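For reference, Swiss-Prot has these:
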COMPBIAS  110-122  compositional bias 'Basic and acidic residues'
COMPBIAS  126-139  compositional bias 'Gly residues'
COMPBIAS  146-163  compositional bias 'Basic and acidic residues'
DOMAIN    2-75  domain 'Sm'
REGION    87-177  region 'Disordered'
Amino acid sequence: MLPLSLLRTGQGHQIMVELKNGETYNGLLVNCDNWMNINLKNVIRTSKDSDKFWKIQSCYIRGNTIKYISVPDEIIDLVAEEEQTLRTTYQQRNDSNRGRGRGDGFAGRGRGDASGRGRGDNSYRGGRGGGNNNSGGGDSSPAGRGRGEYRGSSRGGRGDFRGSSRGGRGGNNNSTA
């Protein structure tokens, strides 16, 4: 657990702060920020030698002067419970039916997507490899090579716009358009 989450949970509880110069502050934690600057109220300040005591209504302690912070065990238990509930809610949120890729609730990347790379089911947009309607496939095979042609051709390779026999790898380039 992070010290900042521990301090934020400890707001409203009694803590003891020891500074690098040896002074200690016991008081009620009002608030803390990202730099571990702390506001305390109803504070008892103890000198380095523990021979002088001061009662202070409220004080501000800069985070980079802090050496040690002592918090009650109940705060540690509260932080552990909060982290567990956050973890379960985060996991439940991520367990929705989103696919890989875009995260928009649809199939995303891979074989099932109609557009983009992969196999694709739309004859206007064949992906790499084969697919239905011979889109981008090679010689009517479901797993052709190359990128395929634009509209429903059975020839593989990059090819031209519509049904041209000119193309790259894969397919049967001997037939005419």
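Backbone N, Cα and C define each Cβ position, glycine as well.
In terms of DSSP helix, strand and coil, the domain 'Sm' (2-75) has 13 helix, 38 strand, 23 coil.
Mean predicted confidence for the domain 'Sm' (2-75): the pLDDT average there is 93.
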